[in-house]
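Student: Pasting in a structure now, in structure tokens, and then I'll have a few things to ask.
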């Protein structure tokens, strides 16, 4: 069960966590949709000189502010009040809010493809969230450094870095081909590529954030300062770099693809990589049963099929 909040009963603490979770995920979805709306309106301007950078647009500023504040405040309260399975399932509710915002704000038609895609996405997300939740023990700095230096984890991170670099190269190359760069299909592919990078980096940000939280907790519980060594601050700096980088690529993706397609893809990749991160980093591969692994794979397939259905809906809309 999650930690209690103040003097509240466990039930009251969970109730507050769920309420805050629903509010924060809906505000995050609204913030992302406002950012996407800002990009759409700016792209509709015929003159390149009349277009403003995102940070000078009020709608984009509002959307980014809502996303950051709801993410920070919501995550902090939820982590302290909710058990992991409930927390993960609540994250999936953002997919439904996202679909609603895309229809109301972006004017995307809610067709049978929209309904089918949203249901598939929600079903797959819940499967991934429930069966991918694995408890993790607490560690001090020395234990975290040993885990960071393990060969399997180093190999895993190197492979992830190579994958991210390869995706960046492919997406950038497609964007430099004038004959196809502006076509809807290439814009979709590039947007999904940037969204994939954001999902990967978000998962790694979560892993590093857990390590930072553990260092704070161990400093308080054990009364041994875990922040008197440079490695602790290096981990904290890594968290900031990863968080800002994943936001940058999420921004790049939002400029090219609807939130109704991008958000589910980022969610799926984020959860899968986060699960693998935890299994490899904390040496927990033995805790994931074959049945749960198969259910996670099934959830992934269902979620991606929902993303495909939403993509087809947008393709049909653009060709009409």
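In case you wondered, yes, glycine gets a Cβ from its N, Cα and C as well.
Heads up, here are the entries from TrEMBL:
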TRANSMEM  12-34  transmembrane segment
TRANSMEM  60-80  transmembrane segment
TRANSMEM  86-106  transmembrane segment
TRANSMEM  113-134  transmembrane segment
TRANSMEM  154-172  transmembrane segment
TRANSMEM  233-250  transmembrane segment
TRANSMEM  262-282  transmembrane segment
TRANSMEM  288-310  transmembrane segment
Student: Verify whether three or more Cβ pairs under 8 angstroms connect the transmembrane segment (60-80) with the transmembrane segment (262-282), leaving out any pair fewer than 6 apart in sequence.
Tutor: no
Student: Out of 60-80, 154-172, 233-250, 288-310, what stretch is closest in contact terms to the transmembrane segment (113-134), meaning most Cβ pairs under 8 angstroms?
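Tutor: Ranked by Cβ pairs under 8 Å, first place goes to 288-310.
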Student: Same chain only, please: residues at least 6 beyond the ends of the transmembrane segment (154-172) with a C-beta under 8 Å from a C-beta of the stretch. Say none if there are none.
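Tutor: Sequence-remote neighbours of the transmembrane segment (154-172) are 189-190, 193-194, 196-197, 200-201, 204, 273, 276-277, 280.
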Student: Same chain, outside the transmembrane segment (233-250) by at least 6, Cβ under 8 Å from its Cβ: which residues?
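Tutor: Cβ under 8 Å, 6 or more out: 144, 194-195, 197-198, 201-202, 204-205, 208-209, 211-212, 215, 227, 262, 266.
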